[in-house]
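Asks: Below you'll find the structure I mean.
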Amino acid sequence: MHADTQRSVVVLGSTGSIGTQALDVIAANPGGFRVAALAAGGGRVGLLARQAAEFRAEAVAVADPATVPALREALAEHGADPTVLAGPDGVAEVAAWQADVVLNGITGALGLTSTLVALEAGRTLALANKESLIIGGPLVKRLAKPGQILPVDSEHSAVQQCLWASGPDGHDPDAVRRLVITASGGPFRGRKRAEMAEVTPEMALAHPTWSMGPVITVNSATLVNKGLEVIEAHLLFDIGFDRITVVVHPQSIIHSMVEYIDGSTIAQASPPDMRLPIALALGHPGRLAGASRPVDWTTAHTWTFEPLDDEAFPAVALARHVGAEGGTAPAVYNAANEAGVDAFLRGELPFPAIVDTVAKVVAEHQVTPADTVEEVLAADAWARARAAELAELAAGQSR
Ligand SMILES: NC(=O)c1ccc[n+]([C@@H]2O[C@H](COP(=O)([O-])OP(=O)(O)OC[C@H]3O[C@@H](n4cnc5c(N)ncnc54)[C@H](OP(=O)(O)O)[C@@H]3O)[C@@H](O)[C@H]2O)c1
């Protein structure tokens, strides 16, 4: 990419794991990209101010208005003077900021508004915040034009690359037999359910192959993240749940595969590094040289694959169920899980009870259409409150 094609990028969630790695990619390609605006929650204003100064952002937003004075002070220390915006409306204003690409690296259901606003403004959306697509499925799909969403999740980036590679005439949907989504299996791979009763937050936060934010790390340990990714694949690639297979691949080198009707399988391989899918989404349709290191073919190594143990990790089967139900069901699955993860990280809910709680809340929920933001947010709020209630009950019983 050359300076005359320099692409402007908005980074939402710039202080997080995805956000900081996106800024690494941008810093490594100064001729290719410039940062238009940044947004974060407000938990790390010092870092946000440093980023704004280094990348000369035109605007910076924090979701928590109480952090604005500290942000202004930190910006002044760095000699930066961008437009400062605050609150959910401020974050939404940044999501619609004039730019070529908006990278949504906000964590959780909170990312929904930004996804919708960026799509409505006509921006290319580099989507790390899978939750917004999953909970707002019909809404997001109605707004998104073909090719407007570029997946940042490594598995979906891999599927996308396999589809691009499918043949000289381009992608033929009828030639695809199934998608094979790989899972590292997380830190508790191979354990039975009873062997996970004593898992602590510290143990769940130690992922064997990826370094990520806390929610997705716990979700990778429960396999809820894989469940969310199955729904994400269904929505992104318009493929039935019966044609999406999950396979455990502990080395996290093959990021996913596409099996074709002629028996051929195309796989995408690279060492685990989110900068590759981020670079692909920001630089599309080009590839950025040196975005990540390649597989080292000069050393011996082994890649292994094994089926998922659905009994020990019921989160994926439950996700298939809510995904097939549609409407508000995926939003309920996600919100109950976010509340369950919160309670687990506070030490109030045992590890296996996270998914048990999600299953209970999903079973109690009366599914309704999810055609408006209000409908999605109402289901989200109900599920969050119900999961918190169940977690409190469980904590009371164990005291
Ligand atoms: N990390 C990975 O490798 C990875 C891989 C695939 C997909 N993803 C997905 O990417 C998303 C981000 O994950 P992460 O691991 O980067 O999370 P993270 O490290 O926890 O970072 C979350 C970011 O969101 C910001 N934020 C929180 N609430 C916000 C709000 N209301 N408005 C605007 N920004 C807000 C945080 O700001 P503060 O710093 O101020 O709190 C932080 O910058 C998730 O959807 C995750 O599933 C992540």
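Numbering starts at 1 and runs along the chain as it is shown here.
Even glycines carry a Cβ here, placed using N, Cα and C.
Heads up, TrEMBL stuff is auto-annotated, nobody curated it.
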Asks: Going by TrEMBL, Asp153, Glu155 bind Mn(2+); tell me which of Glu77, Glu93, Glu229 is listed for that site too.
Replies: Glu229
Asks: Write down the one residue from Lys130, Lys141 that TrEMBL lists together with Ser154, Glu155, Ser184, His207, Ser220, Asn225, Lys226, Glu229 as binding 1-deoxy-D-xylulose 5-phosphate.
Replies: Lys130
Asks: Which of Gly32, Gly41, Gly147, Gly190 does TrEMBL put in the same NADPH site as Thr15, Gly16, Ser17, Ile18, Asn129, Glu131, Gly213?
Replies: Gly41
Asks: Counting Cβ atoms within 10 Å across all protein chains shown, which of the binding-site residues Lys130, His207 comes out on top?
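Replies: Counting every other Cβ within 10 Å of each candidate, the maximum falls on Lys130.
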Asks: Which has the fewest other CB atoms in a 10 Å radius around its CB: Gly16, Gly41, Gly213, the listed binding-site residues?
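Replies: The binding-site residues Gly16, Gly41, Gly213 were compared, and Gly213 has the fewest Cβ atoms within 10 Å.
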Asks: Compute the mean position of the Cβ atoms of Asp153, Glu155, Glu229, which form the recorded Mn(2+) site, and then list in sequence order the other residues of that chain whose Cβ is within 8 Å of it.
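Replies: So the extra residues in range turn out to be Lys130, Pro151, Ser154, His156, Ser157, Ile181, Asn225, Lys226, Leu228, Glu232, Ala233, Ser256.
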Asks: List the Cα distance (Å, whole number) between Asp153 (Mn(2+) binding site) and Lys130 (1-deoxy-D-xylulose 5-phosphate binding site).
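Replies: Approximately 8 Å lies between the Cα of Asp153 (Mn(2+) binding site) and that of Lys130 (1-deoxy-D-xylulose 5-phosphate binding site).
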Asks: Let's check the environment of Ile18 (NADPH binding site): how many other CB atoms sit within 10 Å of its CB?
Replies: 28
Asks: Fill in the CA-CA distance, Glu131 (NADPH binding site) to His207 (1-deoxy-D-xylulose 5-phosphate binding site), as an integer in Å.
Replies: 20
Asks: Do you know the DSSP helix, strand and coil residue counts for the domain 'DXP reductoisomerase C-terminal' (270-385)?
Replies: 64 helix, 2 strand, 50 coil
